[in-house]
Amino acid sequence: MATVTPSRMNVPSYQEVIGEGGAMFTVFVVELETADGNRQFIQRRYNAFLNMHKELKKDYPQIASFNFPTKAFLRGASSTKEYRREQFDQYVQLLVGLSPMPEGLREFLSNTGKVQQALHKSTLRNIVRMQNRPAESDIKTINQLMSKPTMFLKFGRRGEPHWRKFSLICASGGWAIKWETKKKGKTPEIKILSMKEVRFGQHSAVFARKKMPHLNSLSFSVFYTLPNKKELETLDLIAKHPDDFFVWTVGLKHAIDNGGIGMDSETSEWQRQEEQAEKDLMEEIDDFDIFGDDEHNDDDHEEEEDDRLITTGNVMFSWGFNGWGQCGVVEMIGRDGHLMPSQVTSSACRLVDHGEENSDGFDIQNIACGGNFTVAVDSRMKAYIWGHGSVCGGVADKHGGSVRRNDHVFQPSPLKQPFRNVPIAMVAAGDQHALFLTQKGEVFACGVNDVGQLGTGDLNDRSAPQQVEFESSQSDSTIKVVAAGHSTSAAINSQGQLFTWGCGMFGGLGLGDEENREQPQSVSMREFGMEVKDVSCGQHHMAAILVSTMDVQKSTGTSGEKKINTKVCTWGWNGCGQLGLGDFVDRSTPQTVEVISSGGKIVEQIVCGAAHCAAVVNITMGELEIQGQLWTWGNGVAAMATEGATHAEIPRPFHLTKKGHESIEVFRIAAGDNFTLVLDDEGGLMLLGVNPNNNSGKPVNMGLDLEKLEKSIAGVDGIVTEIAAGGRHISVLAPKRFAYSSLL
């Protein structure tokens, strides 16, 4: 293994993870830069650094005299996490100054995984996964996912569980699943035809040897028979992530029921492009050794261990105005707002199946905040809702035990779903209406319908979701994206076609007039010659990202490299310059925002507030590359985050920095009425604009820290992975993780 000699080192972050038995372990992220400018990110445990420190201080007085940070200091409540990180950062600065650098230290700092070009690819994006799972009926997509190597914790009849990569293959004897092993000459596999059933939970004799009840919801056993034997054997696995559990249990059950018939791996061109993009990302993190333990015995009886973080679920936090219970925190009802993030819990709602109680918090995968309510989807893809009664009238009280006051719902409660057996892929929330996109590509809507924003063909309000009908030029078209504004709605189908409906005031539907629409109408985008990738709705304006992919000639003269182009279009009300067109004139049809649609800019995400817009932009101009830059425009208070700021009718970059003046790379954004919420590449939060916690109306530019909670939550270290902003409230998700290794 090649070693590195860094010329610069620093510790950008560290985190606490839960080990087996509930023990906490400290893991440091260390950035190394060599003389040629190559950057790498590695992760090392505290104990590994401590052992190295003990060896080095024997020969180096400067190391011996350094007051090495103790675990008590790192976990102490008397100082901030930033100060504690700085103390350890001073230690690595001392290490990099050793000349010549000891060979043992060089080997210790060598990256056992792949070079990381951005920190979030090894920390944040390893936690954040695609929210849109395939439908259970979409077996082709599920088979394609199963054909990719997927990490599981495999239990055996002896020894400790081991991490193994599993994949679906088409062997000579039919379809089978195989997994990697270090045993020489062996590639174990089990044929689909020999499988009998899949059982959830930890009920097999193998699991009984070493039960892990805290991971029960991610556990399953495959019962099968060996050739020429009648006794049932079991393959006993724990998934790293709920999405992996869903894909593999659904795929295996379908394969067993159908004897493997109908399994197909053929893909369309756009599916291949999406799969390649995901593969490129996952390849950068798939083999990343979280704890740097790469020296293990490797013979027929002792296989390699791979330390991995298991995402067991999410913990949800909310704060801001709570007059209608939209924060889901009963204790805060009646106050203008609460300053600190509070955990959203619902002991009456059992949100995790397979026998695991989850009274500590939601196992939520997807969230959306409306004007005065909140919607969430749990790991079983079922919807829960709370807040203003105009939208929440259809909750199931007897199942959810919701707290009601004049039909307002002050605690998360199950929604009465006419699509009960169809998982939800995405939710969107307007001022007083909500949209639900199922994994079959169908859209349902509920709430206020005074201007047709539900798309049901009339103006009648709905207390329970009703299906929205779409007309498309292609019969196999399904909806992939939904969005909701104050009193408008939008959707994008699988062909990149945009539909809008609801309030047409100021030309906000992009249909060339100001008429309301009670049913979805197609918005003409022919002149742009591009597909619509994403859309966001504000109070009376909308913004969309259009995308096209083209082949470009490489320097060798061969074709094959793909170049992605994006264009941003806006329309509707422009009283604050929120269309970004350089004036304050309303538009009733989509117009190109030239400033962020040219000059090597690729727009990753766009969001609309009440009267402003924000976007995440990547820029490539010659040698210059900027990732995750925030751009804002529109309402001066929200767009510029300064009091008395004039409205910005032209998009401009908002330069975000952290301590040390290092630029912040934006990972995701959300917009409220008068503020923008920013999630950075390390899982940190920033608020720009009017603080929803108070009524002062004064803009702020401030960081938000989940670690300032009054009581810590085991396994939650402050890294946020999902954000949502309502009119005056905020909801976020933080993963709850578990680190398993017999070596910890």
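Counting begins at 1 with the first residue displayed.
Each residue, glycine too, has its Cβ placed from N, Cα and C.
Whatever TrEMBL says is automated annotation, not expert-curated.
TrEMBL lists 6-126 with the feature domain 'PX'.
The repeat 'RCC1' annotation in TrEMBL covers 314-380 (among others).
Marked as repeat 'RCC1' by TrEMBL: 381-440 (among others).
What TrEMBL records for 441-495 (among others) is repeat 'RCC1'. For the repeat 'RCC1' (441-495), the model's average pLDDT works out to 90.
Here TrEMBL flags 496-548 (among others) as repeat 'RCC1'.
According to TrEMBL, the repeat 'RCC1' annotation covers 566-619 (among others).
Secondary structure of the repeat 'RCC1' (628-682), assigned with DSSP and counted as helix (H, G, I), strand (E, B) and coil, comes to 5 helix, 28 strand, 22 coil. Annotation source TrEMBL lists repeat 'RCC1' at 628-682 (among others).
Under DSSP, residues within the repeat 'RCC1' (566-619) fall into helix, strand and coil as 3 helix, 29 strand, 22 coil.
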